[in-house]
């Protein structure tokens, strides 16, 4: 009965001890403890060919050994993406990657896998970049990277935000931007707890705590925490003002300065405080204003203990103790601890008065002065004397009046 089940083997024992051979070859009398080893051995007598590696020709007595061998061998061919040059060892991963390109350009047919040649592989390993921009000469190792770069020169921005209409040259920038609308801020600062929607902004913010300023101006040696600040600063040396107002023709060195200026013409103040009704031109000003109502002041000076609602205010305050005045007027040499103070001061030389009253047309060099002036038209008098009840439009007038009661 047992021999009919295993016609080519001979059972040595009914219940063998662990590790003892139980399968005997009828041809050469060699014994085996595992059936699969015995079966593979029989092929040496029958002349049956062992599994062979198609890559190097190596034979293996067992299929499992061949599988292990194949895993250890470097793959000769990869699947290379014709769009961006990225290579994959497995076809499935390659096809999944291809969907990124077809989603952006649904009208295009899918690219077929291109086996990666030795020349292309060497090109990527050696850093060769055969795709050069005709406008600026910058080179790339993938054609799709060049196409994305060229949008900088053409101004093409095909990816538009459905929330605010802002457009971007690349899909990845749109995805990052959309975090602003969702309110999602997954990147949190371990020092102060401030959260950001983008990791890049957190990295830049952390330099406030570390004091790191990796971007240095070769002209004057001044350093900055972010590259965009350095580029904007360098325009103070070159005099370049690439951003021009379409309404009045005034030019600015920074885009944010132009955006801020343009609100003068349209009178836009879209951000309103729910507590007191004060309106602001920019969301950041509203956020800063909210601290007045909450009274929160998380940033404290180590020298005198004074606390502030914003870290930027603390940084400016610390300069009182250090005497640091990094912002100097090139015309008269007067120095300031804040860049905004220098900006206002410069208007005393240029005569610039960018803040105009919509009621009477009178112009002012500072927005705060315009705000005070507007109370003449609105009749607003927020400062009231506790002694006699008389009200004033300006705090300084209120303080001067109170001296009457003191004397």
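For all residues, glycine too, the Cβ spot is worked out from N, Cα and C.
What you are looking at is a predicted structure, and each value in this text was computed from that prediction instead of being measured.
Here Swiss-Prot flags 1-21, 39-72, 96-124 as region 'Disordered'. Swiss-Prot lists 23-45, 51-73, 131-153, 159-181, 187-209, 215-237, 243-265, 271-293, 299-321, 327-349, 355-377, 383-405 (among others) with the feature zinc finger. The feature compositional bias 'Basic and acidic residues' is assigned by Swiss-Prot to 39-51, 100-111. Residues or ranges marked as compositional bias 'Polar residues' by Swiss-Prot: 115-124.
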DSSP residue counts for the zinc finger (383-405), split into helix, strand and coil:
11 helix, 4 strand, 8 coil
With Cβ-Cβ distances below 8 Å as the criterion, list the same-chain residues six or more beyond the ends of the zinc finger (383-405) that contact it, or say none.
372, 375-376
For the zinc finger (131-153), DSSP counts of helix, strand and coil?
11 helix, 4 strand, 8 coil
Within the same chain, where does the zinc finger (355-377) have neighbours whose Cβ lies under 8 angstroms from its own Cβ atoms, ignoring anything closer than 6 residues to its ends? I mean 6 or more beyond.
264, 267, 344, 347-348, 393-394
In the predicted model, what is the mean pLDDT computed over the zinc finger (299-321)?
87
